[in-house]
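**Q** Could you have a look at this structure, given as structure tokens, before my questions?
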Amino acid sequence: MALTLLDVAHWSTWAVCAVMKLPQLAAVLAAGSAQGLSVGSRLLELTGFLVFLRYQIYYGYPMQTYLEYPILIAQDGLLLLFILYFNGKTRRALFFAVIFCGVWYMLTLHKWIIDLAMNLCTFISAASKLAQLQCLWQSKDSGQVSALTWGMSAYTCATRIFTTIVTTNDLAVLIRFIIMLILNLWVTATVLHYRKTKKT
């Protein structure tokens, strides 16, 4: 059976997401530092991922359209743990885990909650990118921030724009991916800019 363009988009998205946070994790571990990484950005991104995954499951969308999110949540959770560890704030991890479990449950108590959360999800996810940009602008140093990780995020947003148009055509989801693509490219460019500035 021949692969369609949609199949290639799905498979490539899953493959990229399976390793997306690994360059960032490797950079943090190699340096023994989380310099340049924003805890707020990670928390907001995790919240956005959880809401988006819950929304897709709630409305019974095809699993192919969101299969990468459990992988991303696991990797982001691990990255958050490393950031907290290197910042000497590991005890906060349990508090954050309890909050995320509560949010996961409460999202589907009523249909209006999950719908509202999905609409806010775009703002939450955008805020996570803006928090990382602010951290970079303040330090004027890309530190351990991985341009490869952010570039891969941009790629998956681009493929998900295509798969959303072809499969569900959900406007809220489409707008989310377009905004995330723009912001991921902006963070990538900022990381590369500060890396270049540091070398010269």
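Backbone N, Cα and C define each Cβ position, glycine as well.
Predicted automatically and left uncurated, TrEMBL annotations should be read as such.
Dumping what TrEMBL says about this protein:
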- 67-86: transmembrane segment (TRANSMEM)
- 93-113: transmembrane segment (TRANSMEM)
- 173-194: transmembrane segment (TRANSMEM)
**Q** Checking distant contacts: for the transmembrane segment (67-86), what same-chain residues at least six beyond its ends satisfy Cβ-Cβ under 8 A?
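**A** Those are 10, 13-14, 17-18, 20-22, 24-25, 28-29, 32-34, 37, 39, 42-43, 45-46, 49-50, 52-53, 56, 92-93, 96, 156, in sequence order.
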**Q** Taking residues 6+ outside the transmembrane segment (173-194), which of them lie with a CB under 8 Å of any CB in it?
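**A** Non-local partners: 52, 121-122, 125-126, 129-130, 132-133, 136-137, 140-142, 145-147, 150-151, 153-154, 157-158, 160-161, 164-165.
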